Amino acid sequence: MAEAVTRASASDAAGDWVRVADSQALAAKERLHLQVEGRYVSVLRGKAGALHCLDSICYHTGGPLTIGDIEDINGEPCVKCPWHDYPVRLHDGAKPYQSMKFDPVTKKLTPDGWKFTKNSQRSHEIVDRGEGPDGGLWVRLSTGGKCESDQFAYNASAAKNVWNGDSSFRPDGKSDPSPHGYKRSGEVLAEIRSGKALGAPPPMSSSAVQMHPTEWRPFRILSKKQMTRSMWLFRFALPEGQTLAPPGARWEVERHVRLRLPGHGQQLVREYTPVSPPKRPGSFDLAIKIYEEGAMSSRLARMAPGQVVEMTGLHGDYTISWPSRTIFRAGEAGLQFRSLAFLVAGSGVTPCIQILQDWVAQGEACSSIQMDILYANRTEDEIAFRSELTDLAKLCRSVNVCFAVTNPTEAWGGHRGRIDLDLLRQQLGDAAEATVALVCGPPEFNETMRLHLNSLGFTRVICF
């Protein structure tokens, strides 16, 4: 498709193109609030679906401009700041005003039509490159000249009114000013007078941080790629040479991180399981299922490399000792095993992947431990880590993988339907006494699997 580009204001000077979201990211809310190279910007849809990119924070007194209502002023689509109703033209950030002229006959000022003052709100280039590996929405920040909105462009406190206010739209589509961040324009102006709200763009940090079990720390997205129709693999930066486990600490299997988004309220927290090799230095991976209506995952889907989330970790109760073939939980007796059975559904495969990664990293791959993996999904294109699991089964005779699909295509050659008693009996046999079963999926899936396993004599069942 041809690229549809909205040009920037101020001057032709601009930075590099940055991918900020998928092309369909604006389908629901028609605006998207981002931090690009430290600068707070928003993407909005105007007439006929045209895309526009403006600084998020109003040039006037630091208000949440881009959560405001879009109205036509003299035939020009403008967004109006909800604090003082100051309008800004979408395509170039210009400020509309009604000019006056002196009438020598009446000796009075009379209206002289609408005019626009440029260099009020900085606008930026945006392009929709469609679908595909190089597709999506791309933004290039304008950097030349001066705009009044520059003074607020990196102000995180002012940006909170935009980011939190985005979730405060009333059912009629009008915007409610958010109670978070600044509560009135005087607070912004006070910061300006003290010099706190000014300053240069924050530099991109070249030194990443180490994970901490209780402190929320920032982690920068290095890359993201789509694994299945709804699951994405996010890669995050670690300090050079460091692994996910803290220095000197032993990696404990079945560990997860807690994640929250800066500026979106500290109460919204989700847990995700790392799926990268535990000894890989410099980065770690999270496989995250994206739900269109998900409060957290839908925002993660719109984030781009270079942006930052906050995490704590590692958390979890279980430890696996491969030499002793034992699973431990704090305060409980260990469970010895000769085989492990993984019964997982959807994104519940991630603890299984983490355990297998550790199994391989410890040099236990292709050992005498039997690994049976039963993985349920609704459709074939939702199977995450399909090639990795298939390759491992080909490499190790002790690994058995069964993919169960409830809505398969005619060409599907694997199991058709749910994981039921017959399939469990067929795949697991009568090795109940030697097996610990690890179950991870939605609550109803976990309970059904536990009951099925118990009926077959498998009483040592752990549900994550």
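Each Cβ is built from the backbone N, Cα and C atoms, and glycine gets one as well.
Keep in mind the model is a prediction, meaning the values are calculated, not measured.
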TrEMBL annotation, FAD site containing Arg270, Tyr272, Lys289, Met296, Ser297 - matching residue among Thr214, Thr243, Thr326, Thr350: Thr350
Annotated FAD contacts Arg270, Tyr272, Lys289, Met296, Ser297, Thr350, maximal Cα-Cα distance (Å, integer): 18
Would you list the other residues of this chain near FAD - those whose C-beta lies within 8 angstroms of the C-beta centroid of Arg270, Tyr272, Lys289, Met296, Ser297, Thr350 - in sequence order? Leu259, Glu271, Leu286, Ile288, Gly294, Leu300, Ser347
Looking only at the domain 'FAD-binding FR-type' (214-321), how are its residues distributed among DSSP helix, strand and coil? 5 helix, 45 strand, 58 coil
I need the most crowded of these binding-site residues: Ser297, Thr350. Count other C-beta atoms within 10 angstroms of each C-beta and give me the top one. Thr350
Counts of helix, strand and coil residues, the domain 'Rieske' (17-84), according to DSSP: 10 helix, 32 strand, 26 coil
